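Novice: Straight from TrEMBL, here's the annotation block:
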type     : residues : note
ACT_SITE : Cys111   : active site, nucleophile
ACT_SITE : His221   : active site
ACT_SITE : His221   : active site, proton donor
SIGNAL   : 1-18     : signal peptide
Amino acid sequence: QMNVFLFYLFTHFIFLNGEEEVFPSSRSRSAYIAASYVKFLEAAGARVAPVRINLSPEEYKTLFSSINGILFPGGAASIYSSGYQRAAQFFFEAAIEANKGGDYFPVWGTCLGFEQMMYLTSGQRILSRTNTTGIALPLNFTNEANVSRMFRPFPLELMEALSSEPLTENSHMWSLALSTYNSNDDLRKFYKVLSTNTDGQTEFVSTVEAYDYPIYGTQWHPEKNPFEWRKAYYPHSPSAVRMSFYMAEFFVSEARKNFHRFESVEKEREALIYNYSPVYTDESIPFEQIYYFE
Ligand SMILES: *[C@@H]1O[C@H](CO)[C@@H](O)[C@H](O)[C@H]1NC(C)=O
Ligand SMILES: *[C@@H]1O[C@H](CO)[C@@H](O)[C@H](O)[C@H]1NC(C)=O
Ligand SMILES: *[C@@H]1O[C@H](CO)[C@@H](O)[C@H](O)[C@H]1NC(C)=O
């Protein structure tokens, strides 16, 4: 009987490298996970454990067979060459292989994680600069949204709120332009676009799900609404908070579909995030609480 739902998140470096997303300004500690990602998954019934960057392929392989899904969080790291990229690539490829063999293993990318998936799928540097570093937007749903795996469970009134109220928070300098998606066969064949947004100049892809795999991405931040308060543009309305829960509930329900587990209770205990304590940060950092690992 399966009663353990574990999600690992990557820790990664917050140093500037020319391809960064919004990052905490404190440079003194370098590997972190914003606690909002952890709470987001816990609220929907998952237990979380962090995935460290720069582990060996053998260690990642063991982790892969121990956990039920993976979330690539937002943050600041190179999606082309970094510990974040190498770990994400390992899990992304392992998930595709597993799913091909009938082992249902879901992957979720948020913000930088979304961008990372676009690079892993296309193998090309195809992102465009957009003016979207701190703004909440309504989703412009495509005709695919209503019949998507992700949004099908959403109540109609929530879909209406999502499409008319600014409930999705964007903190990114790079985006996948819709025109780029439309002209890239690798991306077009792999991902179904569920929503788009625009910065007034460039229409970009904001939500995707893969056609053939349980792989999902949002350029926006579903985890911020209930848990982050540092910016005036973080949405906190009842619909904004409900939406966040529905996204997490969807992803966790996907992760209940496989039977990965730790070798032992001891290994599981060692891996869980409960071994770490989140820190209430100072106001220079855009997250209320952070788990630091280094
Ligand atoms: C970026 O968007 C904001 C609104 O979100 C707007 O106030 C600002 O003028 C825009 N900046 C540029 C350079 O277009
Ligand atoms: C919504 O997306 C459609 C299809 O890409 C586009 O034609 C339309 O301009 C978009 N609307 C808004 C408000 O962004
Ligand atoms: C989705 O379904 C609802 C309810 O049937 C409808 O009002 C809405 O227009 C549909 N949206 C899209 C993008 O097809």
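Positions of Cβ are set from backbone N, Cα and C atoms, glycine also.
Tell me about the surroundings of these features in the structure.
Specialist: Counted within 10 Å of its Cβ, the other Cβ atoms near His221 (active site) come to 26, all protein chains included.
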Novice: List the Cα distance (Å, whole number) between His221 (active site) and Cys111 (active site, nucleophile).
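Specialist: His221 (active site) to Cys111 (active site, nucleophile), Cα-Cα distance: 7 Å.
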Novice: What is the total of other Cβ atoms whose distance to the Cβ of Cys111 (active site, nucleophile) is within 10 Å?
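Specialist: I count 25 other Cβ atoms within 10 Å of it.
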